[in-house]
Amino acid sequence: METVTPDFIRSNLYRPPKESHKGQNGKLTIVGGSKLFHGASLWALKVASRIVDMVYYASVLENLELVKDLEKNLYDFIAVPLGKEADYIAESDAVLIGPGMVRGEAEESGTGESGEETKLRALSLLHQFPQKKWILDAGVLQVIEVEELKKLGQVIVTPHAKEFENLFEGELSNIAIKPQKDFSNSSHRLIQPGSESGNQRGRQYSDKAIEQLSEQVKDKAKQYGCIVVLKGKTDIICAPDGKCLLNETGNEGMTKGGTGDVLAGLIAALACKNELFVAAAAGTYINGLAGNELYQKVGPYFNASDLANQIPQTLAEVGNLTHMLR
């Protein structure tokens, strides 16, 4: 299978025109967060605010209080009053919903919040705006029925393996083991199997497993009419028309909490002005490549905030815009 490449991104990704004005380069609404999970939706907000012209942020009251403090240092968003999400979604190009939203029972959360509340809130908005570009992530993926995807005109889902199995009600093939990488440069050169430091488990198993996983992801994308981003050691991105790409950027430093929320925010921001498949593939590649560039500096010792801060530089480099940074 083909992988996402810088050429794919440069050939397909939207660039803000020099003559553009405020609002032309994307408006995004983010619905997320809970009393229990404060940071998730804020990581998505942080990266998205670097890419689109406006981010509208809707959360629970406790998170909105945190946002008031955050606004002292991060000015590029509007905090949406409770109950007013629909007004802002109506004028947005895309909507991200799910980061940090509760998915279990109220007793499990310890805050009185429940997955049922997440489900009702999500379905209310999805049903009001079925033709919007939707990016469904995290908590929402774990509470809605998969048939809801068929009601949406344009949707990306971003599950990891367990979320995929829960959403699509079936087990995945064994997850492939990616060959070891050398992160000494941002081109993420693969160490060849059989070399002194190569992965001796062999490429054959990995390739076969990836092929099996890709077929499963492709089938679900076709069946439910959605873009599926299966996050893993090798990310698999498939569209309803059968197109699939693999992404092999990333490293072990990205196992930390919040990196998936950064990815969701990045994909959602790119979706505002791009086709969904392009946004999903480019976002996944850029997110991992930013992690690789951090790896060169500090090894695996970086966090989600570091990743969000690195992404604009990486995006400019891949888009051949670095001359603008000098």
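Backbone N, Cα and C atoms are what each Cβ position is placed from, and that goes for glycine too.
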Site co-member for (6S)-NADPHX according to TrEMBL, given ALA40, GLY100, HIS160, out of ASP241, ASP261: ASP261
Within the predicted model, mean pLDDT of the domain 'YjeF C-terminal' (5-318): 86
Inter-residue C-alpha distance, GLY100 ((6S)-NADPHX binding site) and GLY260 (AMP binding site) (nearest angstrom): 11
Inter-residue C-alpha distance, GLY260 (AMP binding site) and ALA40 ((6S)-NADPHX binding site) (nearest angstrom): 9
Set of same-chain residues at least 6 away whose C-beta sits under 8 angstroms from ALA40 ((6S)-NADPHX binding site): GLY32, GLY33, PRO99, GLY100, ALA138, GLY258, ASP261
